[in-house]
């Protein structure tokens, strides 16, 4: 883009955002659609894009597990300091919460998760993980980068934001329930709505996908120890075989979905852990199994949890074994169903359509994956969506939690622009509506 074009674009953007905002709906229909377009142009500027790529690669090289994101948090704070954005730290141990705008209502939050996974990266490239056994295999390095990119755009226009954007950098999403800890620390006090992004290898670059209502399943974990009586494999009649008992348990657990659940009420029970024995000719004293269960309603989730315990203990007893079942609720927090607010879905479709074109705003089917963003969306209106990064010319992009997972860095400007646009237009639309009755406003931050 030439200098004259950029100057013209900047002038137009400031003209739009400098309009007086009052209780009167003074914003014309032509104004709001232009803001996301301008934000995308800003995010695609070579200097901004290169800056985002540099941040993402630094985070990728130094992955940190849940509630251990000390260096990631330090990098975020350094960037916020450089931009002059005030923040709170620590929040939920390693989290950071920044603030842009007036410090007054309306408040809207945009969120990124920070933690990596305990797995070895198999992608050979210049910025491969430098930490053995740890990898950003779910795109959280990109999520942090896009939120910082949005912060840069918003901070440059902070004087036009007649409200407050809350930047939520959240630790411990991967099974740790970091969102719940942030809620306990009060990060969403006074906040009216929250938005979250996740990169997706299933959707094309320049497209987004989501849906109103239930989007991602509620999830929990279980572990069971099945105790029998060990002995020599050649004389099984003198033993009580916990491996046979565990095998029957696993088969019976599959019947919970195939024979007890309504086919129209999606549920999953998966046993992914089986540990028992260490020799070919010795029947062990005990076997440990574990797995995950998921459902799209609280009632189904509670029922599934109850039946998992019943099936394990009773099937074990049939085989003369005894079993103890743990749901690891202290270490592995149960995630609620992620439910998208219907009003925010309308807002998202409008804004994303302005940024990407309506043909690139896709409606998707619910997924059995889970997200602790659901904790936020349980207490205030929330909206979670997927940002496409698939590009056939750049080879196959593996799905999350694969050691071959890659991020298409061309998606970073789209994520930054969408974050900034969703927050800004939400505030503008909120401000253009009549003021609520006296006494119902949120306090100032």
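Just so you know, glycine gets a Cβ as well, placed from its N, Cα and C.
Caution: TrEMBL annotation is automatic and unverified by curators.
Since the structure is predicted, the reported quantities are computational estimates derived from the model, not experimental observations.
Marked as Mn(2+) binding site by TrEMBL: 138, 140, 174, 198, 401. Annotation source TrEMBL lists domain 'Peptidase M20 dimerisation' at 218-316. Annotation source TrEMBL lists signal peptide at 1-23.
With every protein chain in view, the residue among the binding-site residues 140, 198, 401 whose Cβ has the most Cβ partners within 10 Å turns out to be 140. Averaged over the domain 'Peptidase M20 dimerisation' (218-316), the predicted model has a pLDDT of 97. For the recorded Mn(2+) site, residues 138, 140, 174, 198, 401 set the reference point as the centre of their Cβ atoms, and the other residues of that chain within 8 Å of it by Cβ are 113, 115, 117, 136, 137, 139, 173, 400.
The sparsest Cβ neighbourhood within 10 Å, among the listed binding-site residues (138, 174), is found at 174. Per DSSP, the domain 'Peptidase M20 dimerisation' (218-316) is made up of 41 helix, 35 strand, 23 coil.
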